[in-house]
Amino acid sequence: MMGERRLLVLFGSQTGTAQDMAERVGREAKRRHLRCRVEALDSCDLANLIHEPLVVFVCATTGQGDPPDNMKMFWRFLFRKNLPAGSLCQLDYAVLGLGDSSYPKFNFVAKKLHKRLLQLGGNPLLPVALGDDQHDLGPDAVVDPWLVALWDKILALYPLPPGLEIISPNVCLPPKYTLHYLPEDSPHPESDLLQPPAPQAAPCELHPFSAPVVSNQRVTAQSHFQDVRLIEFDIAGSGITFSAGDVVMIQPQNCPEDVQQFCQLLSLEPHRRFVLEPTEPGTSLPPLLPQPCTIQYLVTHYLDISCVPRRSFFELLSYFSTNELEREKLQEFSSAQGQEELYSYCNRPRRTTLEALWDFPHTTSAIPADYLLELIPRIRPRAFSIASSMLALPERLQILVAVVRYKTRLSKPRRGLCSTWLASLNPEQGDVRVPLWVKKGGMKFPADPATPVIMIGPGTGVAPFRAAIQERVALGHGGNCLFFGCRYKSKDFYCQTEWEELVKKGLLTLFTAFSRDQEEKVYVQHRIRENGKLVWELLSSGNAHVYLAGNAKEMPAAVAEALQSVLQLEGGLSPSEAEEHLTALERSQRFQSETWS
């Protein structure tokens, strides 16, 4: 007897790729007339999982093999020791993983999830899919064939009801929401778009704190190619507390020129107010949009018009195209065969959604407003290491921001949305505010004041260590050792006077590597080797903790190698023992790293 034809798609997504993929599975399910919900793992009621017959999990792996933020609660629940072995025996499931094989813990979350569901009695429809960012065609190389196999399995279990056929890919599915404009003259209460009063709980993504910018100071020389800012926020009365190693999340916004261009391209009237209604009962509204809302607010604060568009964007766009040439190109970009072409059009030159819309003018002018929220993802919050301590600066929070700006083959330089917006804020021009909240960071500093710390933070990687050093100095903890690296002593030696004061007072041991100040390049890893005796002493007799932060690619491996060579030369360990020792330090959290690319 065939049960109800329903499918639940649950995702764990950090940057939005897994969510995009989950929405794709949801659309394909609708074409097969399955009742389908697509939700973040943490917003789904886990107690109900035992009543779900069919679930597809789409999960990314972040950082050092960690689950994304919006599945952390689910992860803790799933690995509880007291879950009975057969609790998911009614569940047919499939796991789709998204990862990057250049990281050691490739697709760790998907693999571990698949195994755990199996332990709990779940029945896998397919082997776990391991999508890889490093593949020439991206994760789709694995996902496309896997999905074909998945629908075969699902339709075998839940055949189409008599008289129904799969909705053809040439037919556009109805929008998720309908956008109803309010009459121009409808009264609008002034409170519409003002923030609701902050709840008494600490600020979070749904209720950020609007923090006034106190100062925005450039900490690199004007002549230096990179603009780095030390930005200070006033968090008095916010209920925010943090300690060294914690992270501040910032919700950025689009620049006025882009917003204006977008509205012109799509013939949208910025001042118009609207309400959203879900097309299907049971679909929840986007939690971060006020109701009613103006077009101006939607485009400024919600739609990510500067992100690089994904394949799903071109697929949806192709349905609105009235122009044959444009439609053919859009269909090519959304086909499996067109992925290399799409990659060189979009990803390689980092073309933005707004720029792509410029290239398809006929189609763009025909986009129905109802589809905007499906066409363009929401602006994601950005994470920054907090660079100050509440013990040194109560009621303040500081971050160190490198303004992202680089050239591709496109004539306009590429700019990071959040860093460019933050750099543009000038507190001298009145009340400038930034929506933010704080979350626990991955790095934990030792509680015992006698434990020395070795901190390795080249470039803006020094941010969390500035917080840690301020905190430890305020608590009277000695044993602070910092390896800092940048290009030139005179141009990008952030917080130089601060460090030198602490060295003078005997509160900090500082080693610097200025890579371009001499003929041969010198990096932090060279300074670690040169000071191996001290490093070994701190590790062996001082029980020191080691911390590493900064821009990843070659740096973390080079530092690990330098530490291993110190263990061999000063500690007399063999190469394999040195490697094992470093791994043991990592396991016991005496060696922690936080790197980003």
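Each residue, glycine too, has its Cβ placed from N, Cα and C.
In this view, G63 (FMN binding site) is surrounded by 16 other Cβ atoms within 10 Å of its Cβ, with every protein chain counted. Here TrEMBL flags 13-18, 60-63, 98-107, D133 as FMN binding site.
Sequence-distant neighbours of S419 (FAD binding site) (same chain, 6+ apart, CB under 8 A from its CB) are V401, A402, V403, V404. Taken from TrEMBL, the feature FAD binding site covers R350, R382, A383, F384, S385, G416, L417, C418, S419, W596.
Taking Cβ-Cβ distances under 8 Å and a sequence separation of 6 or more, the neighbours of V522 (NADP(+) binding site) in its chain are A513, F514, S515. The NADP(+) binding site annotation in TrEMBL covers T460, S515, R516, K521, V522, Y523, V524, Q525.
Taken together, the residues of the domain 'Flavodoxin-like' (7-151) have an average pLDDT of 91. Among the features that TrEMBL reports, domain 'Flavodoxin-like' is placed at 7-151.
Residues or ranges marked as domain 'FAD-binding FR-type' in TrEMBL: 206-446.
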Problem set entry | Pairwise Cα distance for Y523 (NADP(+) binding site)/S385 (FAD binding site) [Å, integer] | 22
Seminar exercise, completed: Other C-beta atoms within 10 angstroms of the C-beta of T460 (NADP(+) binding site) total 25
Exercise. Which of these binding-site residues is closest to S13 (FMN binding site) if you go by CA atoms: R350, A383, S385, K521, V524?
Worked result: A383
Exercise. When the Cα-Cα distance from V524 (NADP(+) binding site) is computed for each of the binding-site residues G16, A60, D100, S385, L417, which gives the smallest value?
Worked result: S385
Problem set entry | Other C-beta atoms that fall within 10 angstroms of the C-beta of S515 (NADP(+) binding site) | 16
